[in-house]
Amino acid sequence: MSDYELDPLPYEYDALEPHISEQVLTWHHDTHHQGYVNGWNAAEETLAENREAGEFGSSAGALRNVTHNGSGHILHDLFWQNMSPEGGDEPEGALAERIAEDFGSYEAWKGEFEAAAGAAGGWALLVYDSFSNQLRNVVVDKHDQGALWGSHPILALDVWEHSYYHDYGPARGDFVSAFFEVVDWDEPAARYEQAVELFE
């Protein structure tokens, strides 16, 4: 059985200020993200024990917890990696070209992504859809509701209230704008290249 662990942030807790405060990053990473790691491990342990005992009364709940907490852990890892204090630029190279091809322009992609972020009850994601071989924005509620089967996440924005309420109150749009001041396209570009290698 895998034992999942919380990796350190790839920068200091105050590195994204003034856009995302040290307090929010500390709470978000050390408490919320850690909770998803703990929940995933606990669910896997329950499943392993049930298989060993041949008793499956609690397995359905544990399976749901694997999906919820596992997706939460994976998306948070991606979220931390696609921000940096050196961020704030637009994508370049192959990913920029593909965004323009699939959405018409970077501005059209960004407008649609911001709309997704405003509507989501969890995450706005830019994904590579391996079924149709194109980039898409998707609205994900919680961590696992609304995801598109066969899609490969490229860019993730967490819009759960714990991501922004301390800094921005109910003004989620201000937080989304702040995200674009720290978004670092190096990791999304690498994930896009990985998707192309896998699926095209």
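First residue shown is number 1, and so on along the chain.
Cβ coordinates are placed from backbone N, Cα and C, and glycine is handled just like the others.
As given in Swiss-Prot:
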{"type": "BINDING", "residues": "H29, H76, D158, H162", "note": "Mn(2+) binding site"}
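Listed in chain order, the extra residues whose Cβ falls within 8 Å of the Cβ center of the Mn(2+) site residues H29, H76, D158, H162 are H28, H32, H33, F79, W80, W160, S163. A C-beta separation below 8 Å, combined with a sequence spacing of at least six in one chain, links H162 (Mn(2+) binding site) to V24, W27, H28, H32. By a simple count of nearby Cβ atoms, those within 10 Å, the most crowded of the binding-site residues H29, H76 is H76. Within the same chain, residues at least 6 positions away in sequence whose Cβ sits under 8 Å from that of D158 (Mn(2+) binding site) are H28, L75, H76, F79, G122, W123.
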